[in-house]
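**Student:** Questions regarding the structure given below will be posed in turn.
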Amino acid sequence: MAVHPIDYRYGSEEMRKIWDEKNKLQKLLDVEAALARAHAKVGNIPEESAKVISERANTKWVKLERVKEIEAEIHHDIMAVVKALSEVCGEHGKYVHLGATSNDIIDTANALLIKESLEIVERDLKELRSILKQLAEKHIGTVCIGRTHGQHAVPTTYGMKFALWLDEIQRHIERLYQLKERVLVGKMRGAVGTAASFGEKAFEIERLVMEDLGLKPARITNQIVQRDVYAELLFFLALVASTLDKMGLEIRNLQRTEILEVSEPFGEKQVGSSTMPHKRNPIRTEKVCGLARVLYSNVIPALLNNPLWHERDLTNSSVERVILPESFVLLDEMLKTMKKVLTGLEFFPENIRRNLYLTKNLIMAEPLMLKLAEKGMGRQEAHEVVRQLAMKAFRENRDLLEVAKESREITKYLTERDLEELKPENYIGKAREIVKKVIEYVEEMERRGL
């Protein structure tokens, strides 16, 4: 029976399978098998025992149902795994879990799950980067109105919008590589982190286990890998979500009926409303923005998991069972949705131009002021002169430049040709160069494998 929407509505099957309870069990078994092999290599247990444990440390031998049956009796999840594995290993079962504490297995298995999940996140981020780069290149010269405080400001370009998001996605990719160094760690240090239970060969055993599993050993732990590591991971996932939220919010606003410069794709048979047949709602970007709120909220319990009693208590455990799979699956849904939205993004050039001229050149107040300053009027005086003209044009619903032509204060410094050259399309500064620089940087990072 599916209860949580991540079971049936959100996320790809690929990501959900990683956090499926059967795969989680397999990762725990993988760690137990690696531990047995390490013990055999240092001479602590027979090689034959390590071989049998390794062969049977999988869900074909160790059934999830049996693990649950044992746990229901003993009320300890990892000991249930140990008992179930030991049962199928016969006489060799006595070597299962030798020297380990539960979180040697749990934290190391978690690192394996996180590693698989981050591989999907990285792939999606790089695909999203490619889409944004193409959009930035294609729309490098698509001039539109820039808005600050929800009001028309001065012109910008769609190339700038996409390059801004592109640069942010690139930063996330770079953060991800740095993050993996700190997050993809495991431990074989025993009950309080001293490794006393592993004897003189403790460091060698831990090294062998981590090399076997493709992880690094944490430098120091108590009973657990410290949860600042998980908090950083959850913050990273939320930070990526915030970028997708930002993108979704902008697209939703630009899709408003009265703006309608762009629109997320809308299928031929898609229904927008159960009662309003005409509706073309931005449901994909709304979903992205909504799911982001869940990822933001999961950062708080991740932070609260860091301070625990002494060498460790159990209050982090139940929380992590929820926030780790939930955050990864929901971010997976968000990334894949945003890729679809951007790939099918629809543009309305006539509305982009209409909005650019909607204020009847009030948006040219800044370049008009700067032109006056360039011609000799003091900057502060020019600001006040243009401000008064802009207010007059607004009150009278007239074109600012037409009002300016009637002003002696303006014509004293500027010719009619000077005023005619003040067009929104001409006032985008270094937008093209900025976009090109971002693209060049991203391409350089791609060549470096980042």
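Just so it is clear, glycine is given a Cβ too, placed from its N, Cα and C backbone atoms.
Annotation comment: Swiss-Prot describes 9-10, 75-77, 101-102, GLN223, SER274, 279-281, 318-322 as N(6)-(1,2-dicarboxyethyl)-AMP binding site. Look at Swiss-Prot and you will find HIS149, SER273 tagged as active site, proton donor/acceptor, backed by similarity to another entry.
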**Student:** Where ARG321 (N(6)-(1,2-dicarboxyethyl)-AMP binding site) and HIS149 (active site, proton donor/acceptor) are concerned, what is their Cα separation in Å, rounded?
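**Tutor:** Taking the Cα atoms only, ARG321 (N(6)-(1,2-dicarboxyethyl)-AMP binding site) lies 41 Å from HIS149 (active site, proton donor/acceptor).
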**Student:** List the Cα distance (Å, whole number) between ARG9 (N(6)-(1,2-dicarboxyethyl)-AMP binding site) and HIS149 (active site, proton donor/acceptor).
**Tutor:** 36
**Student:** By CA distance, which of the binding-site residues (HIS76, LYS279, SER318) lies nearest to HIS149 (active site, proton donor/acceptor)?
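**Tutor:** That would be LYS279, nearest by Cα distance.
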**Student:** Provide the three-state secondary structure of SER318 (N(6)-(1,2-dicarboxyethyl)-AMP binding site) computed with DSSP.
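**Tutor:** SS state of SER318 (N(6)-(1,2-dicarboxyethyl)-AMP binding site) = helix.
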